[in-house]
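A.B. asks: Straight out of Swiss-Prot:
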type	residues	note
BINDING	ASP29, ALA30, GLU31, TYR32, ASP33, SER78, LEU79, GLU107, ARG130, GLU164, LYS278, LYS302	NAD(+) binding site
ACT_SITE	LYS109	active site, N6-AMP-lysine intermediate
BINDING	CYS395, CYS398, CYS413, CYS418	Zn(2+) binding site
DOMAIN	577-652	domain 'BRCT'
Amino acid sequence: MEKRMKELVDKLNQYAKEYYTEDNPSVSDAEYDKLYRELVTLEAEHPELVQADSPTHRVGGLVLDGFEKYQHEYPLYSLQDAFSREELDAFDKRVKSEFPNADYMAELKIDGLSISLTYVDGILQVGATRGDGSVGENITENVKRISDIPLKLDQPLNITVRGECYLPRAEFERINTQRQENGEAEFANPRNAAAGTLRQLDTKVVAERRLATFFYQEASPTERLTQNDVLNEVAELGFSVNPRRIVTSSMDEIWDFIQAVGQDRDHLAYDIDGVVIKVNSLAIQEELGFTVKAPRWAIAYKFPAEEKEAKLLSVDWQVGRTGVVTPTANLTPVQLAGTTVSRATLHNVDYITEKDIRIGDTVIVYKAGDIIPAVLRVVESKRTTQEAMPVPSQCPSCGSGLLHFEDEVALRCINPSCPAQIKEGLIHFASRDAMNISGMGPSVVEKLFKAELVKEVADIYGLNSQDFLQLEGFKEKSAEKLYAAIQASKENSAEKLLYGLGIRHVGAKVSKQLLESFGTIKELASADVQAIAAVDGLGEVIAKSIQRYFAKEEAQVLLKELESYGVNLSYLGQKVADDAILSGKTVVLTGKLEHLKRSEAKAKLEALGAKVTGSVSKKTDLVVAGSDAGSKLEKAQSLGIEVKDEAWLLDL
């Protein structure tokens, strides 16, 4: 049986390599599916024989508790940027002054997320994000769900490779269409979508989102002589490598390559934002070395933002959750960086005045950071109007008078009952970094608000499944799913609630700092300015903003309402004494608990000094196992890690 399972794993992995990496499948989808189903059946019957590189690991279904930090053995450096031919020539001159015969390899700069993969004896052991270059996050379970990443190499190598994880454009469109249908906020661009997917705690979502990769570096020591040799080796090992690259000693040829790539850029199946030029010889790379931040042997040419002319037809003034009124230009449609653009930001009223932008003007539009369409300037030679841009004096949402404070560039509505601010506040409250209510995106909030089912954030917790069935697009299953997401958000640690309240100057990081110090939102609400300002040196601007917010009667009423609905107001990871019983211990929770919710168990462990992580490793000190504990328990036992049950935790 073990022999047959190994045979199936080897065959399926080879077929997957042919399909995803080589684009040359040797078997039909039906044949692959038949073998895959056979393997699934055998693994269910013989779980003790499941192999580490089995393709069934890619399916997902595992929900992670979080991501552990990962110390990179080989640091990941940034690249020096270049924006002109002159800067490339200066780089070439610097290299050739020491190594006159050096040649270069130029390759596409994929607009994705850097990842590092480490293999031990040919088996994938760790997948990690770049992080700050020295410390990233361990995302091993997620990278296993990326179809073109080999779980096992053909050779038993100890190797670390680096690459870029990206979301193909077609997949990006599919996901955003699905999110729109589900009432969820759409991703701004493929890079953001890839980043969000890599940090998903639900591996099933990762598997469903069809991420892809291109690898470009062997970080561990290699016997290869050139960068091009490294890429050939990496490709032979089964990794995806971008075929579009050149090797030359001529900067003229590299510049021609850059121009050709720039022309093709919008027609590629993935996003790129430039071309990377590296000294091809690894020996010369070693001689040139590094600065503090970047290698001296490489440079990244960044494409300039594409610019197009469009006519400014009208301006919409939109109110954000803090009352800032932002102008958005309606334009004649233009093709820009692969998409049709008919709206672009005008930033603020001061920007309009400074650039003297008028209705009817021909303007230059570009994508800031290749993401957000923005108006850059006016083509004055094509101006046909003499009238200045009309600037509103009243809020377009509630009609209240707008203010333009001396120290601000924007108009602001200060009416707390402004419908637009309330709606935007609800969207913010439900967002991922705040209460993370899955399924409550802008379109759902709009429907709830229009149906007068919610007027403030506390109203969210008074909703039930029947309320959602009143809304267009909801069926019983989707209504129950959203209701469950709302109920689950009650158990969030209170820093997410604090951030969700939308207090000016209080972001996600500040919210956590405050709750770590004060423990509960109630304690924070009653604190004086000096006490708040003293927290990690936050200062008086933030402290006064918080005090002003909680001094209002409606804020006090809101806290009471949230508490009455069972929303947690306490920080679930409070600081503990150094001599706490589990101080310094790394603990993993696994299985189903009978008496404690998982969030309660985690909070209790943290209160006793433990660091609670989502995966078992040699660094794990203790595993608390409930019923139906699976692979984590097995791994703990194989590593000789101490295992306790829920009763032990309750007795502490």
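Keep in mind that glycine also has a Cβ here, set from the backbone N, Cα and C atoms.
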A.B. asks: Which residues of the same chain, at least 6 positions away in sequence, have a Cβ lying under 8 Å from the Cβ of CYS398 (Zn(2+) binding site)?
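C.D. replies: The list for CYS398 (Zn(2+) binding site) reads CYS413, ASN415, SER417, CYS418, PRO419, ALA420, given in order along the sequence.
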A.B. asks: Go ahead and report the DSSP secondary structure tallies for the domain 'BRCT' (577-652): helix first, then strand, then coil.
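C.D. replies: Computed counts for the domain 'BRCT' (577-652) are 25 helix, 17 strand, 34 coil.
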A.B. asks: What is the number of other Cβ atoms found within 10 Å of the Cβ of CYS413 (Zn(2+) binding site)?
C.D. replies: 25
A.B. asks: Would you pick out, from the binding-site residues LEU79, CYS418, the residue whose Cβ has the largest number of other Cβ atoms within 10 Å?
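C.D. replies: Going through LEU79, CYS418 one by one, the largest Cβ count within 10 Å is at CYS418.
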A.B. asks: Write down the Cα-Cα distance for LYS278 (NAD(+) binding site) and LYS109 (active site, N6-AMP-lysine intermediate), rounded and given in Å.
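C.D. replies: Rounded to the nearest whole number, the Cα-Cα distance is 12 Å.
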A.B. asks: To which of the recorded positions GLU31, LYS109, ARG130, LYS278, CYS395 does the lowest count of other Cβ atoms within 10 Å belong?
C.D. replies: GLU31
A.B. asks: Which residues, same chain and not among CYS395, CYS398, CYS413, CYS418, have a CB within 8 angstroms of the centroid of the CB atoms at the recorded Zn(2+) site?
C.D. replies: VAL319, GLY323, PRO396, SER397, GLY399, SER400, LEU402, ASN415, PRO419, ALA420, GLN421
A.B. asks: May I ask you to report the DSSP-based helix, strand or coil state of LYS109 (active site, N6-AMP-lysine intermediate)?
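C.D. replies: The three-state answer is strand.
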A.B. asks: Could you round the CA separation between LEU79 (NAD(+) binding site) and CYS395 (Zn(2+) binding site) to a whole angstrom and send it over?
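C.D. replies: That comes out at 46 Å between the alpha carbons.
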A.B. asks: Over the domain 'BRCT' (577-652), work out the mean pLDDT and round it to an integer.
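C.D. replies: The predicted confidence over the domain 'BRCT' (577-652), as a mean pLDDT, is 81.
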A.B. asks: Rounded to an integer, what is the Cα-Cα distance in Å between CYS395 (Zn(2+) binding site) and LYS278 (NAD(+) binding site)?
C.D. replies: 54
